[in-house]
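*Asks:* Pasting a structure here, questions to come.
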Amino acid sequence: MLNAAALLLALLCAANAAAAADLADKLRDDSELSQFYSLLESNQIANSTLSLRSCTIFVPTNEAFQRYKSKTAHVLYHITTEAYTQKRLPNTVSSDMAGNPPLYITKNSNGDIFVNNARIIPSLSVETNSDGKRQIMHIIDEVLEPLTVKAGHSDTPNNPNALKFLKNAEEFNVDNIGVRTYRSQVTMAKKESVYDAAGQHTFLVPVDEGFKLSARSSLVDGKVIDGHVIPNTVIFTAAAQHDDPKASAAFEDLLKVTVSFFKQKNGKMYVKSNTIVGDAKHRVGVVLAEIVKANIPVSNGVVHLIHRPLMIIDTTVTQFLQSFKENAENGALRKFYEVIMDNGGAVLDDINSLTEVTILAPSNEAWNSSNINNVLRDRNKMRQILNMHIIKDRLNVDKIRQKNANLIAQVPTVNNNTFLYFNVRGEGSDTVITVEGGGVNATVIQADVAQTNGYVHIIDHVLGVPYTTVLGKLESDPMMSDTYKMGKFSHFNDQLNNTQRRFTYFVPRDKGWQKTELDYPSAHKKLFMADFSYHSKSILERHLAISDKEYTMKDLVKFSQESGSVILPTFRDSLSIRVEEEAGRYVIIWNYKKINVYRPDVECTNGIIHVIDYPLLEEKDVVVAGGSYLPESSICIILANLIMITVAKFLN
């Protein structure tokens with residue numbers, strides 16, 4: 001009887017081993033998972049789980065281990081003792097690690113599934129089911145990293161919530177980053193309950209480095225602390241929807257603060273607060289903070305350590321730019337600051353002298369364009385370009401939108417006679433703001449970074465350094481769309497990509513063509529019809545000077561003063577004009593008409609565009625353009641009429 005029992009027990013153990021072998025064999029046989037398998041083999045608890053229980057294992061690839069910076073990988077943190085398919089994964093699952101710290105599951109709108117900060121590779125999941133023990137393996141692209149206690153602190157809890165982490169941060173393995181200043185402000189404001197709250201939240205904690213300004217810590221009140229918490233939402237950086245504002249705990253009737261994440265092309269992650277509705281203590285505007293230590297899992301959510309507090313606006317525009325000197329490697333505007341200083345730093349002094357100022361600051365990536373390198377060597381030209389990014393006004397998105405209500409907003413810069421042209425499309429999170437300056441169209445990728453004396457808007461191109469041809473500019477600029485359409489159907493535009501010629505193009509803006517509709521309604525209609533493309537092309541040819549150089553407005557004013565007028569070569573003939581400067585604006589005098597220059601000197605890689613308020617159009621052009629036949633057809637009709645008259649006379 002005893003022998004039979006022993007035999008039965010041996011058979012059961014063998015069956016368990018066989019069941020476990022199914023998943024273990026798949027792990028062992030996959031060479032891309034060998035590093036995790038070797039760790040699994042040496043862990044008795046993990047082996048026991050595979051032998052005896054249902055489970056889900058999240059298995060990092062070998063490539064993920066190569067990117068993993070920590071010395072220790074925690075196998076049990078990758079295992080949960082219940083089987084979950086991808087579809088059945090709940091918001092949290094308990095890991096098998098000591099203290100059972102949770103793993104957070106995020107399913108985003110793209111269909112991706114994340115475990116903490118690791119993405120599940122959907123096609124590689126494996127399921128086995130033997131003797132009722134269902135086991136599932138999901139392959140992930142990152143090693144899961146739990147919050148662990150430093151050696152010598154055995155009394156510190158293994159699975160702390162955000163408050164316990166904040167109180168004992170020095171005892172955890174978080175790269176020796178201090179948070180004492182913020183911790184003391186949380187205690188003084190009696191806001192521990194915010195970090196102690198049960199549930200699943202995102203906590204943002206400024207590090208001590210962010211409180212170098214002596215008065216900054218005193219500005220951290222209860223509302224600011226609320227603004228560092230996103231309640232009821234766990235956001236790991238890889239799973240974050242970029243520029244997707246989430247209501248912070250400081251979102252109420254009289255104060256509304258949102259928080260969102262965004263990522264630079266170099267992979268650096270930032271978080272920003274946007275105070276939409278402020279009060280006497282909390283200004284409206286955006287505050288950026290770099291994430292210095294991301295994705296620290298705690299029992300009630302996730303903690304991100306950030307380089308400065310959110311919501312607090314306590315630096316001038318100059319001080320904000322100077323802060324990138326200290327953050328030489330990864331600052332969002334590091335390159336912009338370097339270019340200013342390489343130019344002698346006088347631009348920074350000019351900015352500092354302004355009581356109200358707005359900066360259009362190109363991102364680090366914007367300076368990587370090859371055509372900028374040549375300009376960087378020319379200090380005078382570079383000074384003009386930098387000044388083109390400075391506005392003597394406090395200009396946020398709301399103010400730009402007000403200026404943009406009925407037309408494209410025109411705003412002067414500190415560069416003499418140079419304007420920027422803003423265009424706002426969409427509402428709310430769908431708002432797109434573009435700005436044109438010196439022939440370059442840029443998109444605002446981060447608006448309303450607030451400072452005590454103004455705003456900084458981060459843009460994706462350097463203004464004043466053209467990167468497109470005359471045709472490319474016409475095609476992309478909303479103010480020139482009518483001229484572009486007319487040139488397209490008449491094939492006039494075909495020549496404008498030629499980089500062997502230099503063009504000076506006087507382009508009527510859309511409102512100019514709309515005025516001709518009032519002055520000559522019949523002609524206006526026909527100018528935009530393909531059947532009359534010959535006439536459209538002839539009129540456009542008058543607006544285009546073709547030479548071996550382009551002519552700026554200053555050139556044309558100078559030539560006009562010297563000779564009384566300027567004669568420019570065009571495709572068929574020449575264009576005779578006089579250009580004058582009146583009160584800082586330019587006026588073209590053509591055939592006794594005065595035409596305002598709305599946007600001078602829009603530079604392109606193969607020429608220059610001057611946007612004018614009205615086309616170079618005469619009444620006699622309208623008579624010619626009013627015909628409904630091409631010249632060849634007109635000649636045929638005249639000949640036919642002459643023949644008919646001759647025949648009639650002969651018959652008589």
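Even glycines carry a Cβ here, placed using N, Cα and C.
This is the feature table in Swiss-Prot:
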type	residues	note
SIGNAL	1-21	signal peptide
DOMAIN	22-144	domain 'FAS1 1'
CARBOHYD	N47	N-linked glycosylation site
DOMAIN	166-310	domain 'FAS1 2'
DOMAIN	317-463	domain 'FAS1 3'
CARBOHYD	N368	N-linked glycosylation site
CARBOHYD	N416	N-linked glycosylation site
CARBOHYD	N441	N-linked glycosylation site
DOMAIN	467-616	domain 'FAS1 4'
CARBOHYD	N497	N-linked glycosylation site
LIPID	A625	GPI-anchor amidated alanine
*Asks:* Within 10 Å of the Cβ of N416 (N-linked glycosylation site), how many other Cβ atoms can you find? Include all protein chains, please.
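*Replies:* Taking all protein chains shown, N416 (N-linked glycosylation site) has 9 Cβ neighbours within 10 Å.
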*Asks:* Pick out which of the glycosylation sites N47, N441 has the most other Cβ atoms within 10 Å of its own Cβ.
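*Replies:* Within the set of glycosylation sites, the most crowded position is N441.
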*Asks:* In DSSP terms, helix, strand or coil for N416 (N-linked glycosylation site)?
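*Replies:* Reduced to three states, the DSSP call for N416 (N-linked glycosylation site) is coil.
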*Asks:* Do you know offhand how many angstrom separate N416 (N-linked glycosylation site) and N47 (N-linked glycosylation site) by C-alpha?
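*Replies:* Taking the Cα atoms only, N416 (N-linked glycosylation site) lies 74 Å from N47 (N-linked glycosylation site).
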*Asks:* Can you tell me the CA-to-CA distance separating N441 (N-linked glycosylation site) and N497 (N-linked glycosylation site), as a whole number of Å?
*Replies:* 18
*Asks:* Calculate the distance in Å between the alpha carbons (Cα) of N47 (N-linked glycosylation site) and N368 (N-linked glycosylation site), and round it to a whole number.
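*Replies:* Roughly 52 Å, rounded to the nearest whole number.
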*Asks:* For N368 (N-linked glycosylation site) and N497 (N-linked glycosylation site), determine the Cα separation and express it in whole Å.
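*Replies:* The Cα atom of N368 (N-linked glycosylation site) is 23 Å away from the Cα atom of N497 (N-linked glycosylation site).
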